[in-house]
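Engineer: Sharing a structure, written as structure tokens. Questions coming.
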Amino acid sequence: MQESSELQSLKLDHTKLGAQAEGLADTIKTKDSEIEKLQANLSSQKEETQKYKDKKIQFKDNFKSSQDEIGRNQSLISDLEKRLVEKEAAIEGKVTEISTKRESIEVLQTKLKETQRTLLSNNSTIDELKSSLAEAQKYSFRAILNNRNSTHHPATNSFPAATFQEASHPHQ
């Protein structure tokens with residue numbers, strides 16, 4: 001009986017060990033499943049970390065590109081500001097030149113008006129002189145004719161040469 005009790009004890013131990021083995025197998029399966037989940041989660045986190053690193057690198061590249069572009073834009077702005085200053089100076093020069101020319105034109109217009117007044121005055125004076133000359137020639141011609149009538153030589157029926165020349169050109 002002792003054998004049987006030992007056998008039963010062994011059977012009971014075997015059953016307990018079998019149950020424990022099954023429990024351990026279930027635990028191992030659960031742990032394996034948890035390990036797979038953790039590995040999947042770890043893999044997913046590694047991917048996320050890599051994406052983050054890639055984005056960080058891309059951000060740094062974009063930031064550097066932006067900095068470079070800002071530098072270029074600042075250089076362009078500086079060049080444009082210099083050109084603007086040059087253009088403004090050129091415009092101011094042209095305005096000054098135009099103003100100076102306008103003043104010169106005004107002076108010339110004033111001189112032209114004075115010259116026109118002088119010409120009108122001179123034309124009036126010339127007209128008066130012509131009228132006076134015509135009047136003087138008329139009286140001079142009458143005087144010469146009167147003089148000729150008094151110095152007429154009926155025998156030769158001629159006039160003295162000087163007298164005729166004076167009548168033709170009284171102011172020579």
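Using N, Cα and C of the backbone, Cβ positions are placed for all residues, glycine too.
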Engineer: With TrEMBL as the source, identify the stretch among 53-76, 101-124, 149-172 annotated region 'Disordered'.
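Structural biologist: Comparing 53-76, 101-124, 149-172 with TrEMBL, region 'Disordered' matches 149-172.
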Engineer: Which value does the mean pLDDT take for the coiled coil (21-118) in this predicted structure?
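Structural biologist: Mean per-residue confidence for the coiled coil (21-118): 94 out of 100.
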